[in-house]
Amino acid sequence: MKSLNIIFAGTPDFAARHLQALLNSQHNVIGVYTQPDRPAGRGKKLTASPVKELAIANNIPVFQPGSLRKEPAQQELAALNADIMVVVAYGLILPKVVLDTPRLGCINVHGSILPRWRGAAPIQRALWAGDKETGVTIMQMDVGLDTGDMLLKTYLPIEDNDTSASLYEKLAEQGPIALLQALEGLTNGTLAAEKQDEALANYAEKLSKEEARLDWNKSAKQLWQEVRAFNPWPVSYFEHQGNTIKVWQAHVSETISTAAPGTIISASKKGIEVATADGVLTLLSMQLPGKNPLNVADILNARGEWFSPNTRLANEAE
């Protein structure tokens with residue numbers, strides 16, 4: 001297989017894993033684009049992205065423009081004379097002039113089965129909606145938001161115990177393999193581009209902390225999906241006894257209850273059962289303010305009086 005001269009554009013750890021796969025391949029990564037260094041940690045020290053750190057460790061030139069809309073940045077990119085640009089969770093918009101610069105254009109690795117879940121949070125939204133599968137799409141980029149022609153798709157079943165954290169790990173393994181397959185198909189002409197069906201498209205909006213508040217007026221199934229979707233960020237939570245209590249793990253109980261939504265049905269080391277508008281949600285792992293996440297048995301040892309049966313947990317509207 002012919003080797004390609006590649007510009008890689010990406011920022012977080014998910015992207016760095018794809019860069020590592022390219023570095024391990026026969027292709028030549030001739031330049032890396034990543035977001036400018038950002039303040040991080042308690043000291044707000046300027047911190048390089050995982051992609052930048054990996055590029056520096058491998059002596060690859062790094063470019064960190066604040067925008068690619070200006071001509072000097074575009075000329076700098078064109079001067080690299082790349083065959084193709086690979087984009088993974090970069091975070092900057094690529095104008096048409098940039099998309100058209102490499103000989104084979106720009107391709108993107110997206111963490112969903114397009115056209116479902118275009119946008120910023122596809123992994124989380126698939127869980128949030130109760131999807132049965134997700135996957136990776138390699139697409140030829142155009143000026144739209146994840147609207148380009150699809151070159152290759154992989155599929156991954158979503159298990160009942162999956163969270164955003166676990167799906168992230170699985171897709172971070174699947175994505176690099178799919179990327180290398182797509183590059184091989186592009187070079188030997190075996191990939192057939194497929195148009196996206198706009199009728200099937202929807203958008204994965206960014207998550208918000210407010211959205212993670214548990215509303216007991218929803219069904220137990222929906223709340224279970226939210227707990228999994230919002231792990232590890234922003235983490236589902238409810239207010240009780242003047243405290244914000246995070247919920248890291250839960251499942252739908254087989255218990256039947258006619259109690260008002262938000263009422264604690266039972267509390268034991270097996271879990272805290274809470275009535276919802278439809279069904280009962282069992283809380284398995286929680287986090288008290290200023291503490292680490294704990295299983296329910298340890299929570300009850302510390303604050304059992306907070307979770308006595310028939311106690312009502314406040315709803316969002318109350």
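Along the chain as shown, residues are numbered 1 onward.
Every residue, even glycine, has its Cβ placed from backbone N, Cα and C.
The following features are taken from Swiss-Prot:
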- Ser112, Ile113, Leu114, Pro115: (6S)-5,6,7,8-tetrahydrofolate binding site (BINDING)
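Here the binding-site residues are Ile113, Leu114; the one with the fewest Cβ atoms within 10 Å of its Cβ is Ile113. Same-chain residues with CB within 8 A of the center of the Ser112, Ile113, Leu114, Pro115 CB atoms, the (6S)-5,6,7,8-tetrahydrofolate site residues themselves not counted, are His110, Arg116, Trp117, Arg118, Pro122, Gly135, Thr137, Asp146, Met150, Lys153, Gln196. Here the Cβ of Ser112 ((6S)-5,6,7,8-tetrahydrofolate binding site) has 25 other Cβ atoms within 10 Å, regardless of which shown protein chain they belong to. Around Pro115 ((6S)-5,6,7,8-tetrahydrofolate binding site), a 10 Å sphere centred on its CB holds 20 further CB atoms from the protein chains shown.
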